[in-house]
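Per Swiss-Prot, the feature active site maps to Cys17. Taken from Swiss-Prot, the feature ATP binding site applies to Lys20, Thr48, Arg49, Asp50, Asp68, Asp91, Gly139, His140, Ser141, supported by sequence analysis. What Swiss-Prot lists as Mg(2+) binding site is Asp51, Asp91, Asp227, and the listing cites sequence analysis. The site 'Important for catalytic activity' feature in Swiss-Prot is assigned to Lys20; the stated evidence is sequence analysis.
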Amino acid sequence: MSEQAIRLTQYSHGAGCGCKISPKVLETILHSEQAKFVDPNLLVGNETRDDAAVYDLGNGTSIISTTDFFMPIVDNPFDFGRIAATNAISDIFAMGGKPIMAIAILGWPINTLSPDIAREVTEGGRFACRQAGIALAGGHSIDAPEPIFGLAVTGVVPTERVKKNSTAQAGCKLFLTKPLGIGVLTTAEKKSLLKPEHQGLATEVMCRMNVAGAAFANIDGVKAMTDVTGFGLLGHLSEMCQGAGVQALLCYQDIPKLPGVEEYIALGAVPGGTERNFASYGHLMGDMSREVRSLLCDPQTSGGLLLAVTPDAEDDVKATAAEFGIDLTAIGELVEARGGRAMVEIR
């Protein structure tokens, strides 16, 4: 089979961050009866489902460590590698850090897909690493039934500038740096519903580096930050709210959306991960239409940064975002938790 005829998405049962194990099932997997190992230098572990682990070196600098990998979300091998690498590197930026090195994770069905195609995937990953200013320094590969690619990434951050997903405050405004709808558009493409004018839009967004995260970390008023990926905006916002003991009020009209996303939802281009996300987080939502639910639960691959920002820092955040070509509008706010109210409400 020629490389031109290859459609990588046909060789996997899932796609991108939509491959994630559902939060409910993950809770069961991570539950342990063993005594927890306590290390006072481990600033961020898995307690709040943050984007990466952070370890204090004791000299004012902390190490950030993360890994992320998945099955193809696009058919083009180079783009798949680039998207997977960009997505993995994003975790470093989401913690406020700068990446310094990456190693590759490759699973490949050697008897089904040519090694030349795997090389193209790896080249896409190398390209993304170069964009981030780091080396793809090594990696590990296995013969696997489905194609898998991703990175383990190491970064650094001044300890006082670490941004967590659990330290938001009531009164903070919420901002999102990329539009939602990646899962919807990629599903529409698989179903041959995608219009010509929307071809390539999702890929362009997924390949956009969240490098602004390191700059946002220098703003004191950025109280919490995370990237929106496989659990959708609802899932990652819920984790932010749970960690801080606050509730969120969202303005649906102000949430950035990819062109055509509402039309494709109406046509049924909703990925399976959307329902898994709703099953895990739907009980935290207020009343909303199926269309709104489908967008908020849409699994994002290499999605944008979600920021909780104090009102006095709003102008600084917008100005910093503009330096990276990002036009920010508040999508909602955080309020004090109150009984009888949903954790996430839509206005």
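Just so it is clear, glycine is given a Cβ too, placed from its N, Cα and C backbone atoms.
For the pair Gly139 (ATP binding site) and Asp227 (Mg(2+) binding site), the Cα-Cα distance reads 24 Å. In this structure the alpha carbons, written CA, of Asp68 (ATP binding site) and Asp91 (Mg(2+) binding site) are 9 Å apart. Less than 8 angstroms from the CB of Asp91 (Mg(2+) binding site) sit Asp51, Ala52, Ile64, Thr66, Asp68, Val153, Asp227, each of them six or more residues away in the same chain.
Secondary structure at Arg49 (ATP binding site), taken from DSSP and collapsed to helix, strand or coil, is coil. Counting Cβ atoms from all protein chains shown, Asp68 (ATP binding site) has 25 others lying within 10 Å of its own Cβ. In sequence order, Ala104, Leu106, Gly107, Trp108 are the residues near Ser141 (ATP binding site), counting only same-chain partners six or more apart with C-beta under 8 A. Excluding Asp51, Asp91, Asp227 themselves, the residues of that chain whose CB lies within 8 A of the CB mean position for the Mg(2+) site are, in sequence, Asp50, Ala52, Thr66, Ser90, Ile92, Phe93, Ala94, Met95, Thr226, Thr229.
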